[in-house]
Amino acid sequence: MVKTSLYDQANRYGAEPGGGAPTKAKITFVDSHGQARTVEGETGSTVMETARRNDIPEIPAECGGACACATCHVYVDEAWVEKVGKPSQMEEDMLDFAFDVKPNSRLSCQITVRPELDGLVVTTPSQQG
Amino acid sequence: MSETIETDALIVGAGPAGLFAVFELGLLDIRAHVIDILPRAGGQCSELYPEKPIYDIPGHPLVTGQGLTDNLLEQIKPFNPTFHFNEMVETLTPTGTPEQPSFEVTTDAGTKFKAKVVFVAAGGGSFQPKKPPIAGIEAYENKSVFYAVRRMEDFRDRDVVIVGGGDSALDWTLNLQPIAKSLTLVHRRDQFRAAPHSVNALQELIAAKKVDFRLGQVTAIEGADGELSSVTIRGNDNVDTVVSAHRMMPFFGLTMKLGPVADWGLNLNENLVPVDTEKFETNHPGIFAIGDINTYPGKLKLILCGFHEGALAAQKAHRYIFPDKKLLFQYTTSSTNLQKKLGV
């Protein structure tokens, strides 16, 4: 997977309804070694796409965002679990193929960046695939 | 030594891009062999999302991954491609010239090919089982830790631990339970994403205490010389339990690895193969790359783009394979010549 193609796809599919310029939300990715990287995500795109566009490590997202591979697994910081919400049934099923799943596990391709998620913190597991 | 198979075109990957390339090549009288590491056609469509609807295939408002694969197989039937499943291309060696390319190709099963052109339609690479992050697991793989069952007898009278909750985990729990000494199934939740009859059969075995079901995950393994003796299961309640185990099978689905494609002398850009957008040819004349594995300015990883890329690559392939023949552009709607090839 390469960031340019996902970026293009995000533009194609993730445009904001109403044609308004997308707003930004800050997202912090903490890798499995504890290193934090804060980047800006566009509302309407997904947390996974935001990671790929910004070269965030440990999120290969092999299937490109189809909720079909469980390689964009993240742990949502406890303070954000409620705001981010629970996984759908389809996502729960796919989480069976992720490693070390915890109650705060989500697939980042299924979290849409929204203004109220500004400041979101997620941690990546040591192994995705 | 097996005989070398000679073919005009060799297609690496039986996903939608590879399958439709058979069609476009076939219309130009170019016969193809197709190799895939999976046991069936369809690539990611069949393996990752057979039941999921796809909404952006032109002319199909809704089609599932498996439905699209089935339709493509039907569409390419007139061109009678030869499939080589369960095989991974290992080496690709150019033997021709830039004007008249030729390639020798070998697979991990020892099959040898001589091809005039090669279409790399390998998507994200080859599918391989996901290996759980358990320290030291490599030493046990293929001795007492297996990602697939080759010989059921290896499990007879053994303490068997199966990890996962999908169809593979349940199928093998049901199949191995009668011959194993004990069978422990470890899964992170008490729901199973598998065929309903398998889930029912499993529930009965658990109720009858013939399968020991544990909520949690395997966090450590113990043994010596590649032979397991026990595994540590961390329950969802965070309590560790050590369970006797001679055999373990983790079923966490498949992951894509680029694999040997990286060794074929092709230019690579972040694990993708750069191509031009006129012929979708790589840096090596006669080797084309189509579908998710290629990259070029503006590339979209869409199935429909893979179809387009295959059609244009086939035109250039025709020039290599039939250098003296003039290529006439024809439509399947009006050309009796094309219709004859399609058998309609």
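Even glycines carry a Cβ here, placed using N, Cα and C.
FAD binding, as stated in TrEMBL, involves B:Gln44, B:Tyr49, B:Val89, B:Phe127, B:Asp292, B:Thr333; the candidate among B:Asp36, B:Asp56 given for that site is B:Asp36. The average pLDDT the prediction assigns to the domain 'FAD/NAD(P)-binding' (B:8-298) is 95. Taking a C-beta cut-off of under 8 angstroms and a sequence separation of 6 or more, B:Gln44 (FAD binding site) has the following same-chain neighbours: B:Gly15, B:Gly65, B:Gly123, B:Gly124, B:Asp292. Its Cβ placed at the centre, B:Asp36 (FAD binding site) has 28 other Cβ atoms within 10 Å. DSSP classifies B:Asp36 (FAD binding site) as coil under the three-state reduction.
In this view, B:Phe127 (FAD binding site) is surrounded by 22 other Cβ atoms within 10 Å of its Cβ, with every protein chain counted. The most densely surrounded of the binding-site residues B:Tyr49, B:Val89, B:Asp292, B:Thr333, judged by C-beta neighbours within 10 angstroms, is B:Asp292. Using a Cβ-Cβ cut-off of under 8 Å to chain A, none of the binding-site residues B:Asp36, B:Val89, B:Phe127, B:Thr333 qualifies.
A helical conformation is recorded for B:Asp292 (FAD binding site) in the three-state DSSP classification.
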